[in-house]
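Have a look at the structure below before the remarks.
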Amino acid sequence: RGRSMIDWLKSNHDAGSGWLCVFLVGLFAGAVAGTIDIGTRWMTDLRFGICPEAFWFNREQCCWSSNETLYDHDNCSNWYTWAELFGFLHSGVGSYIIAYFFYVAWSLLFATLAASLVMMFAPYACGSGIPEIKTILSGFIIRGYLGKWTLLIKSLGMILAVSAGLSLGKEGPLVHVACCIGNVLAYLFPKYGRNEAKKREILSASAAVGVSVAFGSPIGGVLFSLEEASYYFPLKTLWRSFFAALVAAFVLQSINPFGNEHSVLFYVEYNKPWIFIELLPFLLLGVIGGIIGTLFIKANIWWCKFRKSSRLGQYPRLEVAVVTLVTAFLAFPNPYTKIDTSTLIYMLFSQCGAANNDDLCDYQRNYTNVNSAIENAAAGPGVVRAIWLLSLALIFKYVMTVFTFGIKVPCGLFIPSLAMGAIIGRIVGVGMEQLAYNYPEWPVFAGECSTGDNCITPGLYAMVGAAAVLGGVTRMTISLVVIMFELTGGVRYIVPLMTAVMASKWVGDAFGRMGIYDAHILLNGYPFLDPKDEFTHTTLAQDVMQPRKNGSLYVLTQDSLSLGDVEQLLTETQHNGFPVVVSHQSQYLVGLVARRDLIVAISSAKKAIEGICPESLVMFTPSVPSPWMGPPPLRLHRILDLAPPTITDQTPMETVVDMFRKLGLRQTLVTHNGRLLGLITKKDVLRHIKVMANEDPDSVLFN
């Protein structure tokens, strides 16, 4: 450190490499997320029409490029619908059929292309990715899951799948994409790339970055990583996650993919405070959210089990095509399912004003002054029609999301869950609004609603309902509330959000403690120890360790095994590591050597040392007896871990389970007075927990 300037620079580079790594993760993740958002908006609009002047413009950009000073979504001379391009009028049967055909055809093309890319180049790029990220952060290694190909195909597949109009979101997959970026960049810094435990610190920060760029919610991202994703989250990782999320949010804001001054899509500006009596409908929304979340989890898991056990799982491309065809065919006639889900959520969150001409805002009002307060008014026929269409959209979204989540394309759950909750919330909000209009003399409405001004904001109910259903599906609490108020800018509505989310979690937990991600971890058989569960049994390590009494344990000795014996052991077994002992007689533990390191070291030694043969001794000692007689030995003491995690046979299993959870262990060795007795792997712990819960231990499949 103090010898020269170069040593000083090396020391500071080592100390700051973690900060530099998360800075790069934030930078690249923000750029990738911005590109995905822009690509998604363009390809989504491609289903409805094209901009002949510049085909790479989406609808809004195309309309802004014309001489018209006001952007009107439905009336833009530069934008051509597919029907207009083929010479049909804007309205009419022929126009409707052409529009319907192109809507379905583009959707089918995008979805099948996404599925084909996933199946051919990166099978791990399908699904949400959050269950696997949780498993990896718990200490389990899924090789290739965070690789370069997965990153590329997940990003492209996400654009295609969302543009296809499927009932899915890109927010969950963005967490996977950010973690892929973190994993790839970690290899630029050997301190993190070569050490799985240190790499998980970068991946925790990357998970925070993923949520930050998905929602424009940096603080919510950090809390998501802390609450939902990470096993081990020290203060150092918290600060780095915060910094990375900040960088990512700044980059996304610079790209400005949403075309507004905010880095979020659903920004709202409510100005009415909520009244005390509204806590009751907020609680009701929480209860409904918990019930819907639980029913969704059970239905989706049932369908995924059916897919695994039936012939349906053998035809993933066909399943994607059928789901897309049904989704597009049923979505087009309903204006609320025809548009993309993000636009629907924004519409439901919005407040009705003079500029709104949607059916949802068809109230019997006279807008005389734009700056005056909006008066309370009776709902017109348009509102009733919109409620019916939204009810149908809710059923459609619920059913299609059950069948969509789990198909072989990148698919997230956040946006469909928010949409379902927003629909329910808006319907309840309109009901409360009309109640306040028709019965203003009721004591509960007497103060705030007696002036004639609109005292109930249906958009607020949509926001609370969205949080309630997403909470019911994922069982998130603190991070969800923060994400919601960052997502919408509605900081003054923290209490309604907290009320609904807490009620949703309590109701959901009453029917089943697992959220959708934990349920999929269990379904896929990943070795995941849930840190929220408690181990309350009094068993000891000797009750769980392998091998049991009189069983054989595969070990290496420090200086008496030949190369032929070691290679035979590697051929006959599939263990990830081998304990090294002094001798077969004493069984005193020396250390642990990883299977991978052993294979690489033997291969390298054969190339580098002449005269190596099956009779050469494998030495795990730092020195070799001199003079040496016989073939040259293999000196492998450098790959020996001299301090592997070790417990005694009398250690309570409660402590062992805690060690596995908090240290992210894959295995620990069991000794008695220094002598090796056996080992316990994470899979042994999971099987033991199943046995203690009177469940079949063989139901845990590590596939």
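In case you wondered, yes, glycine gets a Cβ from its N, Cα and C as well.
Pulled from TrEMBL, these are the features on record:
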TRANSMEM  17-38  transmembrane segment
TRANSMEM  100-125  transmembrane segment
TRANSMEM  145-166  transmembrane segment
TRANSMEM  173-190  transmembrane segment
TRANSMEM  202-226  transmembrane segment
TRANSMEM  275-297  transmembrane segment
TRANSMEM  318-336  transmembrane segment
TRANSMEM  386-406  transmembrane segment
TRANSMEM  413-432  transmembrane segment
TRANSMEM  460-485  transmembrane segment
DOMAIN    545-609  domain 'CBS'
DOMAIN    636-699  domain 'CBS'
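A Cβ distance under 8 Å defines the sequence-distant neighbours of the transmembrane segment (173-190), meaning residues of its chain 6+ beyond its ends; these are 17-18, 20-22, 24-25, 28-29, 32-33, 36, 128-130, 132-133, 136, 146-148, 150-151, 154-155, 158, 199, 202-203, 205-207, 209-211, 213-214, 229, 248, 410-412. When Cβ distances are compared across the two stretches, the transmembrane segment (460-485) makes no contact with the transmembrane segment (318-336), since fewer than 3 pairs at least 6 residues apart fall below 8 angstroms.
Long-range contacts of the transmembrane segment (318-336) within the same chain: residues 99-100, 103-104, 107-108, 111-112, 114-115, 164-167, 307, 312, 344, 386, 389-390, 392-393, 396, 400, 403-404, 407-409, each at least 6 residues beyond the stretch ends and with a Cβ under 8 Å from a Cβ of the stretch.
Within the chain carrying the transmembrane segment (275-297), a Cβ under 8 angstroms from the stretch's Cβ atoms is held by residues 398, 401-402, 417, 420-421, 424-425, 428-429, 432, 444-445, 447-448, 455-456, 461, 464-465, 467-475, 495-496, 499-508, 510-512, 514-516, 519, all 6 or more beyond its ends. Across the range of the domain 'CBS' (636-699), the DSSP-based residue counts are 28 helix, 18 strand, 18 coil. Residues 18, 21-22, 25-26, 29-30, 32-34, 133, 136-137, 146, 170-172, 174-179, 181-183, 185-186, 192, 232-233, 237-238, 240-242, 244-246, 248-249, 252-253, 262-265, 414, 476, 478-480, 482-483, 486-487 of the same chain, all 6+ positions outside the transmembrane segment (202-226), place their C-beta atoms under 8 angstroms from a C-beta of that stretch. Counted with DSSP, the domain 'CBS' (545-609) comes out as 24 helix, 17 strand, 24 coil.
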